[in-house]
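Peer 1: Please see the structure below; I have some questions.
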Amino acid sequence: MLVFEVNDVPSKLEILFFGAQQMLICLSSLLVIPYLVSTTVCAANNQIMELRVQLISATFVTSGIATILQTTLGLHLSILHGPSFAFLPALHSFHVANPCSPDVQWQDLMQLLIGCCLISSLVMPFLGITGLIGLFSKYIGPITIVPLMCLLTIGTVPDIEEKMSLHWISVVEVLILLIFVILLENFEVPIPVWSFEKKHFRIIHQKIFSQFPYLIGIGLAWIICVFLTMTDLEPQGGAARTDKNESLMILQNSPWIQIPLPGKFGMPRFEASLIAGFIASALAATIESVGDYNLCAKISEQSRPPKSSINRAFLIEGFGSFLAALMGVGCGVTTYAENIAIMSVTKVVSRVTMQMAGVLLIFAGIVTKLAALLSMIPDAIIGGLLACGVCMINGVTLSNLQAVDLRLSRNLTIIGSAVILGLVIPVHFEKHELNTGFRNFDDIFGTLLKIRMLVGGFIAFVLDNITGGATREQRGFPSSSENDSETTDGYNFPPKIHKVLLKFPKFPPIFPKK
């Protein structure tokens, strides 16, 4: 049972805390891309710190704007947007094609990167404004979503291992979160509260461990790291120290207030072969988002998103990606599944809490000292956070199979084949580059074939839709009677606005129809 439903408005203090928790959950992902991009464009040692601060600021502001627009005008559920990891293969290809050398100017590479991102960001709004993604989404069921999302989580394992192996504090972070989420889920903490009416303290009981596990977990682990640093129990340069020279330099060099503006890095440049790789990544991010939207609807106890809502969501997501490109973030934006997964733990799916997260992200991006301070969280703690977040994503993903008839060998074969082939095919093409003699073809399909979730998701989608032997209900799609009985009020705008939108024409298919 949900504590706060989609349209519920918690107290101001609860909105602030829930919003802050959602912001902290996505923090690790938001910080990864600025570090990668500053290295990819070959910024000089004396300029890389300043560039990273600018990119962190731009990333926070862009993510905040995209989140507020998506929750207010787009899907209308609790969705948080941030830089997409589906673009990592494209960034890798970009770096291979443009290796660092003394003759390379990082500004030129940044302009080329912005150009690639600008063109690829047009994919999502095109699919949304034409209604293609809305039509396409009705063929995407649990049998497609489960392999795709499982492969997404499997793909993060090397990153999790790399960060968790830095220091034992990551294990402590995981244990803290597991204790809070599993063992102390229903434990009510007595909290004294001052009553202004009766003018005395009264005791209220709150399940703070299940509602704010990440907020408390990060705080405790960070305090331990500060203690280890102050007592010198952690050696100089250790992974758990909070006073690293690089982190302190970022904090010292960043201005108090900085408003990131589009076009700061100059006019974009374009190169067809590189653009193809970024378009491939945008398609992968599109499929990922379709799965995330359905996942969010399931956790929010809503029906599958209507076509108009999905079309509108991709229009907004495309705008967010376009803005990210102009700001120089270095990739498009996508929905963060880890922020959806935490809602299954806290039972809080209130839209306004995610809007608060968006406001806090914009604030952190403008007040650059705050963004720099948050970037000082040790990577080992980020590893623990990432591990628990991915665990929850995988758990919620597998819950989609409840609706699938697993007695049918057809369903089991498709799911198993999609997962295994989704792992095998990318590994093969990572070891053996595609070489047909046509560079553009190799760039496009070489990138596509290395993206696990795209390969596995495509295999599952094709097999599920061309293979007979199962009804839609057996494939996990809700029956028409179930769809009618499920709640859809989360997708609706306020009544007066909704009535006005109903009068708009059917094309473009982004307006509600009932």
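The backbone N, Cα and C atoms fix where each Cβ goes, and this holds for glycine too.
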Peer 1: With the ranges 89-106, 143-160 to choose from, which does TrEMBL describe as transmembrane segment?
Peer 2: 143-160
Peer 1: Test the contact criterion for the transmembrane segment (208-230) and the transmembrane segment (449-467): 3 or more CB pairs under 8 Å, pairs 6 or more apart in sequence, then answer yes or no.
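Peer 2: These two segments do not touch.
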Peer 1: Which listed range (112-136, 313-336, 357-374, 449-467) shows the maximal number of Cβ pairs under 8 Å with respect to the transmembrane segment (55-79)?
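Peer 2: Ranking 112-136, 313-336, 357-374, 449-467 by Cβ pairs under 8 Å to the transmembrane segment (55-79) puts 313-336 first.
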Peer 1: Check the transmembrane segment (411-429) against each of 112-136, 357-374, 449-467 and return whichever range has the most CB pairs under 8 Å.
Peer 2: 449-467
Peer 1: Which listed stretch (112-136, 143-160, 313-336, 357-374) has the most C-beta pairs under 8 A with the transmembrane segment (449-467)?
Peer 2: 143-160
